[in-house]
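Notes follow the structure.
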Amino acid sequence: MTEQASISNHDVAGWRDYLELTKPNVVALMLLTSLIGMLLAVPGMVPIDILILGNLGIALCAGSAAAVNHLVDRKVDLKMARTFNRPIAKGRIDPTKAILFAAILGLAGMAILMVWVNHLTAWLTLASLVGYAFIYTFWLKRATPQNIVIGGLAGAAPPLLGWVAVTGEVHGHALLLVLIIFAWTPPHFWALAVHRKEEYANAKIPMLPVTHGEAYTKIQILLYTFILIAVTLLPYATHMLNELYLLGAVVLGIGFLYYAVAMMRNKNKNAGMDAFKYSIVYLMALFVVMLLDHYLLPTNIVS
């Protein structure tokens, strides 16, 4: 697994390689939260043009940021089994072409948001793109073990972007959705970092388990899980959502707590990966429950 081996690989890039640059699984989760952010913003249905063009613009910008991440991390990716086969790291896509691809996606996404959605959504999306692709990827990721805590704000933006795409303004309820994802990010990524600790250490990425040890990281995961559970109660406490959401948030939160405690007990070497996988299901399910509550038990509070 050397950079020399990667450079000597001259496989022709296919469309799947360019799709992989956009991190489609990550973008899909972001789009779920942006879509639900849109739907929560109004009592009825979102205008179909905003629904389609808003999410398209957000997706293109997210894909652009992901491509920049692939580009910047190409040497790091070679040192990690999880990322060794990425298209730029393996030499299937030339860095220059990757830059052009990222620029086209970003410009297209911004144009769509500016012209057919609204300027506030476009500027907030640009801020999120810059936050992830440049501030996090270029600097924070290599600078501090708190990288994903600080940088997590960019990844937490999609529900706000969706909300603003519909309403044209920032609402407190939209910020609650951001806060939920912001609180979810540390236990989500640190669980993976515990499982992949040796790879991060080999790549010289100062993830928390590398700099402070697994035991300390597991305590932090448990603490952030409690914070996350508390934060997820706020939509009910502020009358944004109702009892159906409260029940779902509590049940899902107990599940997250179970996996955090399982990591603390050190009885399963795959506990970190199990927690990581559950955290993805958790976020998806939580936002779906929000949507069900919104339509089945409308509050008529949102303006």
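Using the three backbone atoms N, Cα and C, a Cβ is placed for every residue, glycine included.
Annotated features in Swiss-Prot:
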type     : residues : note
TRANSMEM : 26-46    : transmembrane segment
TRANSMEM : 48-68    : transmembrane segment
TRANSMEM : 98-118   : transmembrane segment
TRANSMEM : 120-140  : transmembrane segment
TRANSMEM : 148-168  : transmembrane segment
TRANSMEM : 174-194  : transmembrane segment
TRANSMEM : 221-241  : transmembrane segment
TRANSMEM : 244-264  : transmembrane segment
TRANSMEM : 278-298  : transmembrane segment
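Below 8 angstroms of C-beta separation, residues 18, 21-22, 49-50, 53-54, 56-65, 67-68, 70-71, 88, 125-126, 129, 133, 164-165, 168 of the same chain, each at least six residues beyond the ends of the transmembrane segment (98-118), sit close to that stretch. Looking at which of 148-168, 174-194, 244-264, 278-298 has the most CB pairs under 8 Å to the transmembrane segment (48-68), the answer is the stretch 148-168.
If you look at the transmembrane segment (26-46), the same-chain residues 6 or more away from its ends with a CB under 8 A from one of its CBs are 54-55, 58-59, 62-63, 66, 155, 158-163, 165-167, 171, 173-174, 177, 181, 240, 280, 283-284, 287-288, 290-291, 294, 298, 300, 302. In summary, the transmembrane segment (278-298) does not lie against the transmembrane segment (120-140): fewer than three C-beta pairs, each 6 or more positions apart in sequence, are under 8 Å.
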